[in-house]
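Positions annotated as signal peptide by TrEMBL: 1-24. If you look up TrEMBL, you'll see C34-C49 marked as disulfide bond. What TrEMBL lists as domain 'Cupin type-1' is 64-215. TrEMBL lists N99, N109, H114, E119 with the feature oxalate binding site. Residues annotated as Mn(2+) binding site in TrEMBL: H112, H114, E119, H161.
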Amino acid sequence: MEHLNKALTALFATLLLLAPHIMATDPDPLQDFCVADLNGKPSVNGYPCQPSSSAGDEFLFSTKIASGGDPLANPNGSNVTELDVNEWPGVNTLGVSMNRVDFAPGGTNPPHIHPRATEVGMVTRGELLVGIIGTLDSGNRYYSKVVHAGETFVIPRGLMHFQFNVGKEPATMVVSFNTQNPGIIFVPLTLFGSSPPIPTPVLVKALRVDAEVVELLKSKFTGGY
């Protein structure tokens, strides 16, 4: 019986320690709104609040994603217009943010990961191939579908995914996240454009290619996207 009590106590203590990580998400706000003071230092749940007397109605509204950027301005053929807390201080502590992505024909939003957010998106123009790659738990299964204007998709938190314009016309999507700062890890840029660079022998062994191939890929991502 004593051994059972000790085991239950250890289990309970472990669950208490794990609980904050299991339920991890943006903390709940403690006020109606907290317009970010972007000059302040972020804490656990966001930036410090501006005084309510200086936070006017305009912080609750934004026109930033009403129009997008030029998708031909970079080699990917896509342009991301971000609307996170740094671009929209009114979402500070609210646990939400948005992006607009515009695609040229054949443009792609390269394989990437949002480490802190689940993503829900809607294609508003054109048609996009949306691909999602599961973890090793699913056998690295690849899920995909061509999503048309007016249709939606969801990307589970932390899973690698991409979008690719398979149409002959420009395409646009708007996505939302369940955090004010989802973060992003572009897989190709992370592997071949990190600073300082990942040692070539590591990538040779991991990717099972020659060093010349690795060096070529690194040269493509010098300076980022």
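For all residues, glycine too, the Cβ spot is worked out from N, Cα and C.
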Within 10 Å of the Cβ of H114 (oxalate binding site), how many other Cβ atoms can you find? Include all protein chains, please.
24
What's the CA to CA span in angstrom from E119 (oxalate binding site) over to C49 (disulfide bond)?
26
Count of other CB atoms lying within 10 Å of the CB belonging to C34 (disulfide bond):
23
Average the pLDDT scores across the domain 'Cupin type-1' (64-215) and report the rounded value.
96
Say you check the Cα of N109 (oxalate binding site) against those of the recorded positions C34, C49, H161; which is nearest?
H161
For the oxalate site (N99, N109, H114, E119), what does the 8 A shell look like? I mean other same-chain residues with CB within 8 A of the CB centroid.
V80, V101, H112, A117, G121, I155, H161, V175, F177, P182, I184
Greatest inter-residue Cα distance in Å for the oxalate-binding set N99, N109, H114, E119:
14
Other CB atoms within 10 A, centred on C49 (disulfide bond):
19
Enumerate same-chain residues with a sequence separation of six or more from N99 (oxalate binding site) and a Cβ-Cβ distance below 8 A; give 'none' if the list is empty.
I65, V80, T81, E82, L83, D84, V174, V175, F177
